[in-house]
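As recorded in TrEMBL:
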type	residues	note
DOMAIN	38-366	domain 'Ammonium transporter AmtB-like'
TRANSMEM	12-34	transmembrane segment
TRANSMEM	46-67	transmembrane segment
TRANSMEM	79-99	transmembrane segment
TRANSMEM	111-130	transmembrane segment
TRANSMEM	203-225	transmembrane segment
TRANSMEM	257-278	transmembrane segment
TRANSMEM	312-330	transmembrane segment
TRANSMEM	350-368	transmembrane segment
């Protein structure tokens, strides 16, 4: 939290209390005004929701503890943002679906999607970590959730983007939304050592990277199977065998998405170790490279994991994503950030932004082919 931020007690609790009261009132209005009788039967399971929740809460929570002066505040504010943001995300999506007269999801799927959408907010938080106070982070959460869901509905309505792919915009959206916000904050003074880290903070941050690495296949595949239930609801007159075949097909795509994501993550991790040794002057492994590059493969295949037919394609994307993440760290810190007056606290540009751009381009190439 910035050193010039004062009056914490007179602002933060009342902002949180006001938002929570508004959320409860809107949930009551949503329950009485909009009917849930026509909700789609979901195939989302509680174990899948657990994987997504562990990734977002534990993975990103520890991932942001690399600054020695903001370890406790980053994890604490992270939990606060997630708790408020999930409620806001559920409400915003319900309101948009009601306005567009579309079918609502069941409660478990609503919470799963809301937790996944919070990934964008958490990534943006990494770009302004140590520079934004709690009130600014809370307001950023509400605004970003509204804008993200609005962009999702635009993509689904006008561009006919499938639901699972539109959710994968979280990495790209969160990275560049955070960079745009970061340009409005001044860079911390070097004499204050706000960007410094310790071995303990780096260890906790690496622990968050391991959580992300383990649960990323579930994140990329959790919404693929859900399309089966929506396809069934649109074909009520279809025979039972056709429905069963449809579910089997989507289950195969979900498994394929998880498998391709794992291969991409494995190759990006191996490539990160190789490039870390080759790009350092002393020929040693730098954990800052490993911290950012090992999960780049999961970001790069987020758009295409369910449609890649052969694992070697996912492995190539993982390799390219790791190369872009490590080489992009040099370009961003030495060329791009100084010219644009951007201070990227946790390197979200080369960790999430650039690999997400690679994944979007790969999706376009696969669609054309």
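Note: Cβ is positioned from N, Cα and C throughout, glycine not excepted.
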Cβ contacts the transmembrane segment (12-34)/the transmembrane segment (350-368), at least three under 8 Å, sequence gap 6 or more: no
Across the domain 'Ammonium transporter AmtB-like' (38-366), average pLDDT on the 0 to 100 scale: 82
